[in-house]
Amino acid sequence: MADKQRKKVILVGDGAVGSSYAFALVNQGIAQELGIVDLFKEKTQGDAEDLSHALAFTSPKKIYSADYSDASDADLVVLTSGAPQKPGETRLDLVEKNLRITKDVVTKIVASGFKGIFLVAANPVDILTYATWKFSGFPKNRVVGSGTSLDTARFRQALAEKVDVDARSIHAYIMGEHGDSEFAVWSHANVAGVKLEQWFQENDYLNEAEIVELFESVRDAAYSIIAKKGATFYGVAVALARITKAILDDEHAVLPVSVFQDGQYGVSDCYLGQPAVVGAEGVVNPIHIPLNDAEMQKMEASGAQLKAIIDEAFAKEEFASAVKN
């Protein structure tokens, strides 16, 4: 699908995240066609018109207000539609209302004849990625979530500011849920092959308490931003653009995305954030980082928490009746 000369993306959800993602695609010259779908048709028309005025500064692209039927020949459908996270609300608080939205959207996309890749960003992203897989009947690899891509970027940036190294040169991951049960994989965090734990000791950068504080600032970043400005959207939009480029260009890039779990970390039948090779077929190959005992326990706990919520939600007839996988 993604090796056609004209690469087509359909975006469903033209809120703060969706419109920021569309702007990121225009800015970076990603895709040659972008259709925007939302309940508020005039908003999509206005955004398409506004974005088109930036094309003379970037690269040619067809941008338009789309309908679900336009997904029939798309390479990628990106789902940002859903109720936003409010101040004081966790991502998991959004489950039922966003499951209903996801079921409706995915059903309509599949009915169009769409055969490409789903990229899910609406929260709680791991659960909604799982739901997209269940409602679509698609193979696991062709349903991808943004996962811990943003959390990992936040982690690398926070570390970069502490150790005075370009964030792009820091190799470190956040894994698990995109949410409160996520964890930092300190056992593999490194700069130029030097473990960060050793780097901290040799350069007297961070003590144990400061390391904990740094991780907590990463984990709780969304709450801080939401309290100040009502929503997070720029960071996740650029993360989505990066994943989009990897898929459309068949890059085989290693990115921390939401991947189906088949027991590799003691977790099964759910999606969780972990590094994976990403290309034209979606998840080409999950990368199973060998975790230490403490990290493995955190991964299992994160998966168990999400699985319990999934099982409770899909026990309800309105969701169980729509399952295709």
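Glycine is no exception: its Cβ is also placed from the backbone N, Cα and C atoms.
Here the structure is a predicted model, which means the values were calculated and not measured.
Around the Cβ of G82 (NAD(+) binding site), a 10 Å sphere holds 25 further Cβ atoms from the protein chains shown. Sequence annotations record features per position, and here Swiss-Prot assigns NAD(+) binding site to V17, D38, K43, Y68, G82, A83, A121, A122, N123, S146 based on sequence analysis.
Secondary structure from DSSP puts V125 (substrate binding site) in a helix. The annotation substrate binding site is assigned in Swiss-Prot to Q85, R91, N123, P124, V125, D126, D151, T152, A153, R154, T232.
For R156, H171, the entry in Swiss-Prot reads beta-D-fructose 1,6-bisphosphate binding site. In sequence order, H188, A189, N190, V191 are the residues of the chain that are 6 or more apart from H171 (beta-D-fructose 1,6-bisphosphate binding site) and have a CB within less than 8 Å of its CB. Secondary structure at H171 (beta-D-fructose 1,6-bisphosphate binding site), as computed by DSSP, is strand.
The secondary structure of H178 (active site, proton acceptor), as reduced to three states from DSSP, is coil rather than helix or strand. Taken from Swiss-Prot, the feature active site, proton acceptor applies to H178.
Among the features that Swiss-Prot reports, phosphotyrosine is placed at Y223. A C-beta separation below 8 Å, combined with a sequence spacing of at least six in one chain, links Y223 (phosphotyrosine) to none of the other residues. A helical conformation is recorded for Y223 (phosphotyrosine) in the three-state DSSP classification.
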Cα within 10 Å of H178 (active site, proton acceptor) - qualifying binding-site residues among V17, G82, N123, V125, D151, T232: N123, V125, D151
Span of V17, D38, K43, Y68, G82, A83, A121, A122, N123, S146 around NAD(+) - largest C-alpha separation, Å: 24
